[in-house]
Amino acid sequence: MRSWRAIMIGVIAFAAAFWLLRETRSITMPLVTALLLALAVWPMVGAISRNMPRSLKWLGPLAGLLVVLLLLLAFMVALGVAANQVYGLVGDMGPRLSGWLAGFGLSSPEGGEQGGIASIAFGSGSAMSTAMTALGLTARTLGGIVLILFLMLLMLTEVESWHRKFIAVSADSSDRTMRETGRSVGQKFRTYFNTRVLLGAITAALYVGWLALFGVDYLLLWGLLAVLLNFIPTVGSIVAGLLPVAYAFVSKDPGTAAMIAAGLLVIEQIMGNLIDPLILGRRIAVSPLVVLVSLGFWTILWGIPGAILAVPLTVLVILAMAHFDALKPAALLLTDRSSFEELEEFRRSS
């Protein structure tokens, strides 16, 4: 009876937490993102601050902010280049799709090449609507980025003050637990980010090389998408492979498109099922099933940012639970480890 009561309490608590996170996502998502970024750059920030006189300790947080800004700038440039390529691709797809449909005895929308996808997607009326939507989305995105960076800077500036406060109000073991969790999460987040960039770049190079053999256009777009979508677990890599295959089916003959699809499938299987687990497996230690479930969970909660942060957030939850005896069984179930000793080894690893 007591166990059922505990289960019901746990289910209710989970549902309440889910509802709270979803309803407060405009606050909690930037806050958690800022926390992960602060943990990721803290070793560098701490090293700089410790070697500076008191009047110049602000240089540490400033350096951390500049690093994040540079990475963000690179990401935004990549998105801009990809968006420009997509614009050209959509404009090019009208005549190509018309010819492809004509091969099957079908006619394209609005009849004729000039009235294909390009005119539908970028007609005068829809162009204005698309521009306004893009402008609103850009404004919201920039506002969210500014908020995240501001919160991260505050965290980096006040971390020492909060550290002293925790020492004053909590036992030494509690303070040590928080420091260990923060250090471990930061290290694993840096490892995850760096590895995703590296694997995405390798995958992109292989994709571009294979597509170039068949004369597929927009190689830069497919390469950028392979890197960017690589940050979304499982689903991102599938989409990154399907998009050039779909384009090949329209722009090439079916046999060539099938060969392109087969080659990309081989690349994805090698990178996703061999290289990725070999590099990240021991450091991230999240069960593949849990990765998929967490992807859906965080995407429902926070949309695309949740999908990108799904694995780091799940690792954060696992490490936090692994520090408490009552929650260790749940933490073990979320990992690919098979014993509490292995879970403890994962918790202490950096």
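Cβ atoms here come from the backbone N, Cα and C positions, even for glycine.
Given the structure is predicted, the values throughout are model-derived calculations rather than measurements.
Noted in TrEMBL for the protein shown:
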TRANSMEM  5-21  transmembrane segment
TRANSMEM  27-46  transmembrane segment
TRANSMEM  58-83  transmembrane segment
TRANSMEM  137-156  transmembrane segment
TRANSMEM  197-216  transmembrane segment
TRANSMEM  222-250  transmembrane segment
TRANSMEM  257-275  transmembrane segment
TRANSMEM  295-319  transmembrane segment
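The transmembrane segment (137-156) shares more Cβ pairs under 8 Å with 27-46 than with any other stretch in the list 5-21, 27-46, 197-216, 295-319. When Cβ-Cβ distances under 8 Å to the transmembrane segment (197-216) are tallied for each of 5-21, 58-83, 222-250, 295-319, the top count falls to 222-250. Contacts between the transmembrane segment (257-275) and the transmembrane segment (295-319): absent, as fewer than 3 C-beta pairs lie under 8 angstroms at sequence separation of six or more. In summary, the transmembrane segment (295-319) lies against the transmembrane segment (27-46): three or more C-beta pairs, each 6 or more positions apart in sequence, are under 8 Å. Here the transmembrane segment (222-250) has long-range neighbours at 75, 78-79, 81-82, 85, 89, 93, 96-97, 100, 196-197, 199-201, 203-205, 207-208, 211, 214, 216, 256-257, 260-261, 264-265, 267-268, 271-272, 291-292, 295, 307-308, 310-311, meaning same-chain residues at least 6 beyond its ends whose C-beta is under 8 angstroms from one of its own. Only residues 6 or more beyond the boundaries of the transmembrane segment (27-46), in the same chain, are considered here, and those with a CB under 8 A from a CB of the stretch are 21, 60-61, 63-64, 67-68, 144, 147-149, 151-152, 155-156, 159, 182, 185-186, 189-190, 193, 302, 305-306, 309, 312-313, 316. Same-chain residues lying 6 or more positions outside the transmembrane segment (58-83) and placing a CB less than 8 Å from one of its CB atoms are 37-38, 41-42, 44-49, 52, 145, 149, 152-153, 156-157, 220-221, 224-225, 227-228.
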